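Scroll down for the structure; my scribbles are underneath it.
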Amino acid sequence: MSDFQREQRKNEHVEIAMAQSDAMHSDFDKMRFVHHSIPSINVNDIDLTSQTPDLTMAYPVYINAMTGGSEWTKNINEKLAVVARETGLAMAVGSTHAALRNPRMAETFTIARKMNPEGMIFSNVGADVPVEKALEAVELLEAQALQIHVNSPQELVMPEGNREFVTWLDNIASIVSRVSVPVIIKEVGFGMSKELMHDLQQIGVKYVDVSGKGGTNFVDIENERRANKDMDYLSSWGQSTVESLLETTAYQSKISVFASGGLRTPLDAIKSLALGAKATGMSRPFLNQVENNGIAHTVAYVESFIEHMKSIMTMLDAKNIDDLTQKQIVFSPEILSWIEQRNLNIHRG
C-alpha cells in the first residue's frame, strides 16, 4: 500500500466515523443506581482524581485514540490537543504506524505534544509492531503511556487488513517487558472477556481499555470500504462496555481497567466507574464537537461534562471514584442473564 493510499484510508476512517450515530440501545440503560434522597456531601467535596499505580489523571475522562497520518488528521489532533491542554484531560493519539513508517507523517502526531507540552499523552501502536517500533512510538510523543490496540475484527473486515494473529500475545508480552511507561491493551469497540484478562495477566499486563461495542464501529467502517459491502452482518459483533467491565471484575485488583466504547453522557461515565473502571475514554463525541463546533465549544462541553459528573456523584453520596464502586446497582434481566451464563462473580456494596 502506498503512502497516499494510507493517508486516504485515515481520512476515510474519520469521515465514516463522524457519520455514524450512537447505538439506539445501550447496555448503560440496563443498569440503574438506587437513589438515596439526602446526600451527606456537597458538590465541592467531590474529588474526581483518577489514581492508578503509575498514572494520575486530574479527571477520570480522557480523549481516546482516534487518528493521525494525514494533513486533515493532523489538524484534528492539533485541535484536540488544545482542548486537552485547556481542560486538563489526558489524550491518546491514533495508531502511529504511519509516522513510524514514514517520518514525513510524524508531525501529524507530534503536533499533539507541541500544542500540549505538559499534558498527559498516550501513544498508540498495533499488537504486531516490533518492540523497537513500540519504543519509538513512546519517544516520538514523549508519551506517559502506550496503548496497544487489538483489533482483529477490524483487520478481518478491512480489505487490506492483517490475516495473521498467532504472534500477537507473545509480541505484547515483549513490549510490556521492554517499554518503561505503562502499556494499555486497548480494544477498538468489540469488548473484552474474562479469558482475555487471564491471558493478559499471565504476561504481565497491568492496564486495559475494554472498549466495548456501542460507539465507533470499525466493522461498519471497514465494511463501507469493501467493494461489495458484504460483511454488514457482523455489525453487532462483540461485548458491550457494561458486559466487558463485568467480565473484568475478578481481575480489577491486579489490572487497572479503563472503559470506553459507546459512552454518551456523564451518567454513562459514572456507571463505568461504578463497575470498576479507573477512567473513561471517548472518541467520537470529542471528534464531532471539535470538528463541528470548534475548540472553545468543545472546551465548554468538557467542563460541563465534568460538572455533571460531580452532580451525579453528589446524588450518589460518593466523594471519589472508589466510593462509586460501593454504590447499589440494579441490573436488567438481560444483564443478569449475561452474568449468570458467563459465571461472573459480582459482589455489590
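Just so it is clear, glycine is given a Cβ too, placed from its N, Cα and C backbone atoms.
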Q. Among Asn124, Asn151, Asn162, which residue does Swiss-Prot name as a further FMN binder in the site formed by Ala65, Met66, Thr67, Ser95, Lys186, Ser211, Thr216, Gly262, Leu263, Arg264, Ser283, Arg284?
A. Asn124
Q.
Applying a 10 Å Cβ distance cut-off over all chains shown, what neighbour count does Asn124 (FMN binding site) have?
A. 26
Q.
I'm trying to understand the geometry here, so how far is the Cα atom of His97 (substrate binding site) from the Cα atom of Asn124 (FMN binding site), in Å to the nearest whole number?
A. 8
(Q) Measuring Cα to Cα, how many Å separate Arg264 (FMN binding site) from Gln154 (substrate binding site)? (A) 22
(Q) Just to verify a number: CA distance, Gly262 (FMN binding site) to Ser95 (substrate binding site), in angstrom, no decimals. (A) 20
Q. Between the binding-site residues Ser95, Thr96, Gln154, Glu155, which lies closest to Ala65 (FMN binding site), Cα to Cα?
A. Ser95
Q: Give the distance between the Cα atoms of Glu155 (Mg(2+) binding site) and Ser95 (substrate binding site), rounded to the nearest whole Å.
A: 13
Q | Residue pair Asn124 (FMN binding site), Ser95 (substrate binding site) - Cα distance, angstrom, rounded | A | 5
